[in-house]
Amino acid sequence: MANLEWGNKTAITEFILLGFGELPELRFLLFLLFLVIFVMTMVGNILIIVLVVIDQHLHTPMYFFLVSLSCLETCNSSNILPRLLASFLTGDRAVTFTDCLTQYYFFGCLAATECYLLAAMSYDRYIAICKPLHYATIMSTSLCLQLSAGVWISGFLTNTILTGLIVNLVFCGPKEIDHFFCDAFPLMKLSCSDTHLAGLATSTVAFVCSLPPFLLTLTSYICIIITILRIPSTRGKKKAFSTCSSHLIVVTVFYWSILTVYVLPYNDKLKDMSKVFSVFFTVLTPMINPHIYSLRNKEVKKALRQIVNLKRRELIQITLR
């Protein structure tokens, strides 16, 4: 029996993450691909955080939420990709029971938090575009702090309940998880005990955490688009539509992936599809978000140029000395 602190209810000490299957000839190529994605994700999101913290002009509600999103994406990528990269590099796909449950806990917390955060961000943009005269009054510092705290607390509390249900399951083999990270349904499939309650709770929570925020986000952007259509300038319309369409594409892919993986019944026919959709919201979305939400923004580009020019001048001065 495993000497674990999870109630001593498991007969196994580790799981094997099967990942994307036995692909020895592609292992190094996949390692390079996911390494590039991981580096781009970390650099892009950390750059947003640094720029917003340093530049006083970016201390607005919109960038406050963007920093929160960048922190979330940084944590999410750090939770999943290093373990995946190590398995590609070494071939060792074993993960301890405790580490597996820990990875699932933080993944679920961050996924739920992101759903709520995207809804809060869409509400901020709705107020800014549709009610510009009341923006400063409505989106006060206290409201931003309350929304941010509510988003993070709700996300972590929600998955704490689900993780508690999974921890109380009995695992006695087999120990191969047909996924590239520790997720709820692949884990429950290995349990010897009744998983009906845990599975129902997972699907219900996923539905509640994703569909209402998505509808709120969609409604906000519909109102935004209606407002944009009233802009007299054709150039202004194209610019605004370009930004909104990019946001909507990312948000739609994220929510559609979540709903497909966690609300549809989990079975062998859909497990490969679940892996593909999981890649979208765990790997690709964190990499794309900094570019879509921030790095194409003129204010962010200006802040970046100012910092680069400042560092260049400092370097020249040091060289002249």
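Note that Cβ sites are derived from N, Cα and C of the backbone, with glycine treated the same way.
Some features that TrEMBL has for this protein:
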- 44-293: domain 'G-protein coupled receptors family 1 profile' (DOMAIN)
- 28-54: transmembrane segment (TRANSMEM)
- 61-81: transmembrane segment (TRANSMEM)
- 101-121: transmembrane segment (TRANSMEM)
- 205-229: transmembrane segment (TRANSMEM)
- 241-264: transmembrane segment (TRANSMEM)
- 276-295: transmembrane segment (TRANSMEM)
Chain residues in Cβ proximity to the transmembrane segment (101-121) (below 8 Å; excluding those fewer than six residues from its ends, i.e. six or more beyond): 6, 62, 65-66, 68-69, 72-73, 75-76, 79-80, 83, 95, 147-148, 150-152, 154-156, 158-160, 162-163, 166-167, 181-184, 187, 205, 209-210, 212-214, 216-217, 251, 254-255, 258, 281-282, 293
For the domain 'G-protein coupled receptors family 1 profile' (44-293), the mean pLDDT of the predicted model: 86
